[in-house]
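Below is one structure, written out as structure tokens; the observations come after it.
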Amino acid sequence: LPLLLKATLLRLASGSYHPFYNGFYYNHIMNDNDDGQDKVDYFNGARLVVETSQDPVYSYSGANVTLPCHYRYEPDLGPKRKIRIKWSKLRDDYTKEQDVMVAIGKTYMAFGDFKGRAHIHRASQHEASLVISDVRLKDDGKYRCEVIDGLEDESEVVDLRLQGIVFPYQPPRGQYRLNFHEAEQVCQDQGAILANFNQLFQAWSEGLDWCNAGWLADGTVQYPIRLPRKPCGGVHLAPGIRSYGPRHRHLHRFDAFCFSSALKGEVFYLDRLVGMTLEEAKQSCQDAGAEIARVGQLYSAWKFLGLDRCSAGWLADGSVRYPIVTPRANCGPAEPGVRSFGFPSKGRFGVFCYRER
């Protein structure tokens with residue numbers, strides 16, 4: 001033990017150790033010439049303050065978005081110093097972070113799905129804002145802006161929320177047939193992703209009431225109830241999100257709650273006098289320079305583009321649905337929504353097509 005303690009003290013005295021690792025070493029930085037030569041930067045005595053937006057930043061799929069982040073010193077240090085910036089994406093439970101990008105001076109590197117889509121926006125002297133281009137559905141979430149100056153390290157969190165819609169999904173095989181991984185896939189097949197709890201809660205607050213349990217992105221199984229009733233947890237429970245908690249991702253089977261964002265393109269309806277089979281419907285969309293729409297695209301067009309059509313049409317998964325913004329006679333229930341005829345094996349209908357703008 002004395003020998004170990006002596007070795008440790010000698011190592012500390014040598015100054016050759018790294019305090020701890022946080023994407024890069026604090027006492028090991030590039031110089032202003034970016035020539036690979038190192039210099040030591042010690043604590044400067046000023047307090048570093050990092051500020052981000054306290055309100056969520058809203059965007060939609062396919063857009064470009066800027067997550068604001070600024071820093072300052074108290075007291076002010078005058079000329080701009082060479083600092084390091086690190087952006088990371090947080091999990092809902094804060095247990096793990098996904099690296100988004102790091103920047104030192106004019107040098108930066110983005111990681112994973114953010115390669116080619118993320119960079120630092122520096123319109124002012126002390127700005128560290130993150131720009132994400134071509135926003136994707138899974139970009140929704142909380143991001144940490146971390147600023148490091150020598151031994152000073154401060155960070156704040158900004159919330160990116162995509163404007164979107166949550167919809168329940170059952171496959172053609174019927175209710176409760178999907179394990180977690182199959183639920184992820186069916187949402188992806190419909191131009192969507194598995195919804196997270198915040199997205200489901202927002203949908204519930206906007207009126208979503210669904211008595212079938214479905215997977216969420218964190219591996220839990222939940223369902224939203226506005227009107228308590230016996231088959232849905234009982235009449236004595238208050239309205240809210242009912243939860244089964246985490247379930248086995250391979251063995252347990254439920255439906256899925258999918259999340260789709262606003263569209264870059266348009267959904268439109270085609271029909272023939274005698275209707276079309278599913279294969280004829282797909283071909284009609286192709287002839288029109290489009291593709292047969294997915295379920296998520298139809299929901300998005302209904303919510304964000306006001307698509308209202310009291311005519312049933314095929315979708316890519318073989319289901320037949322139609323969107324109603326203004327309820328009226330012979331168009332289903334008295335509430336707005338996307339009506340479903342299920343997955344008919346026979347029949348001739350119109351078709352909803354999707355085309356990029």
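Every residue gets a Cβ built from N, Cα and C, even glycine.
Straight from TrEMBL, the features:
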type	residues	note
DISULFID	CYS211-CYS232	disulfide bond
DISULFID	CYS310-CYS331	disulfide bond
DOMAIN	46-158	domain 'Ig-like'
DOMAIN	165-260	domain 'Link'
DOMAIN	266-355	domain 'Link'
SIGNAL	1-15	signal peptide
CYS232 (disulfide bond) and CYS310 (disulfide bond), compared by Cα position, are separated in whole Å by 30
As a test of the contact definition, list every same-chain residue at least 6 positions from CYS211 (disulfide bond) whose Cβ is closer than 8 Å to its Cβ. TYR223, ILE225, ARG229, PRO231, CYS232
Using DSSP, what's the helix, strand and coil tally for the domain 'Ig-like' (46-158)? 6 helix, 62 strand, 45 coil
Note: in the chain of CYS310 (disulfide bond), residues six or more apart in sequence with C-beta under 8 angstroms of its C-beta are TYR322, ILE324, ARG328, ASN330, CYS331
If you count CB neighbours within 10 Å, which one among the disulfide-bonded residues CYS232, CYS331 has the smallest count? CYS331
For the domain 'Link' (165-260), what are the DSSP-based totals of helix, strand and coil residues? 22 helix, 30 strand, 44 coil
Residues in the domain 'Link' (266-355) grouped by DSSP into helix, strand and remaining coil: 20 helix, 26 strand, 44 coil
